[in-house]
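Annotated active site, proton acceptor per TrEMBL: Lys158, in sequence order. Under the heading S-adenosyl-L-methionine binding site, TrEMBL lists Gly58, Trp60, Asp78, Asp96, Asp118. Sequence annotations record features per position, and here TrEMBL assigns domain 'Ribosomal RNA methyltransferase FtsJ' to 26-201.
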Amino acid sequence: MKRRVSTSDKNRWADHYTQKARKENYPARSVYKLQEIQQKTRLIRKGNRVLDLGCAPGSWLIYAARLIGESGQAVGIDLKPVTTKLPSNASAHIGDLMNLSETLHDMPGAPFDVVLSDMAPDTTGNKTLDAIRSAGLAESALSIACKHLVKGGMFACKIFQGSDFDPFVENVRREFDTVRIFKPKSSRKASKEIFVIGLGKT
Ligand SMILES: C[S@@+](CC[C@H](N)C(=O)[O-])C[C@H]1O[C@@H](n2cnc3c(N)ncnc32)[C@H](O)[C@@H]1O
């Protein structure tokens with residue numbers, strides 16, 4: 001018989017990742033989504049230059065900085081400041097990525113080996129509207145990746161599934177050798193979020 005998932009079960013689940021993040025000194029449990037993506041695709045490598053779009057509060061940035069080591073460089077951008085202390089090979093900048101693409105040429109580390117986007121809109125509760133906004137952010141991330149990735153570069157991007165999801169995947173397919181769609185275990189089952197991964201910028 002199927003067991004209903006109670007609110008307390010959901011809270012326990014959330015607590016598991018929150019507590020693990022706290023123990024491992026990450027400011028957010030979203031780090032485990034990138035960790036799963038990394039285990040599946042080996043997206044980020046030692047010495048890489050990584051651009052992290054929507055980087056606050058900074059857990060992806062810290063994890064990426066660990067993977068790339070001292071010879072690499074991780075640069076993050078977000079509407080909000082990152083207040084967590086970052087390692088010396090990582091930096092965070094404030095900016096709105098819906099209209100910042102051109103100025104990214106001047107960023108330290110550009111052009112990049114990897115572009116990540118965990119950008120998400122403030123959710124309204126209206127799933128259709130949230131998905132449209134998420135797709136706008138994902139398209140903006142893809143356009144940044146196309147302008148600022150090296151040939152052969154990698155891309156991983158969050159999007160909420162909705163009517164713009166399939167066209168977005170097609171747009172990524174046009175720009176990369178291989179495309180994978182991935183729902184991490186650490187992502188809430190009820191969440192519409194999913195990751196589109198582009199391997200090998202053409
Ligand atoms: C889920 S959080 C990212 C968490 C981050 N990956 C981490 O592990 O710490 C999503 C972020 O996207 C950012 N964001 C949303 N719209 C943005 C925009 N237009 N420009 C820059 N950042 C944006 C939000 O401010 C928010 O911090």
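Numbering starts at 1 and runs along the chain as displayed.
Each Cβ is built from the backbone N, Cα and C atoms, and glycine gets one as well.
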Mean of the pLDDT scores, which run from 0 to 100, over the domain 'Ribosomal RNA methyltransferase FtsJ' (26-201): 95
Candidate with sparsest Cβ neighbourhood (10 Å radius) among Gly58, Asp78, Asp96, Asp118, the listed binding-site residues: Asp96
Secondary-structure category, per DSSP, in which Trp60 (S-adenosyl-L-methionine binding site) falls: helix
Listed recorded positions adjacent to ligand 1, that is, members of Gly58, Trp60, Asp96, Lys158 whose C-beta is under 6 A away: Gly58, Trp60, Asp96
Chain-internal residues, separated by at least six, CB under 8 A from Trp60 (S-adenosyl-L-methionine binding site): Ser30, Val31, Leu34, Asp52, Gly76, Leu116, Asp118
Same-chain residues at least 6 apart in sequence whose Cβ lies under 8 Å from the residue listed as 'active site, proton acceptor': Ser117, Asp118, Met119, Ala120, Ser134, Ala138, Glu193, Ile194, Phe195
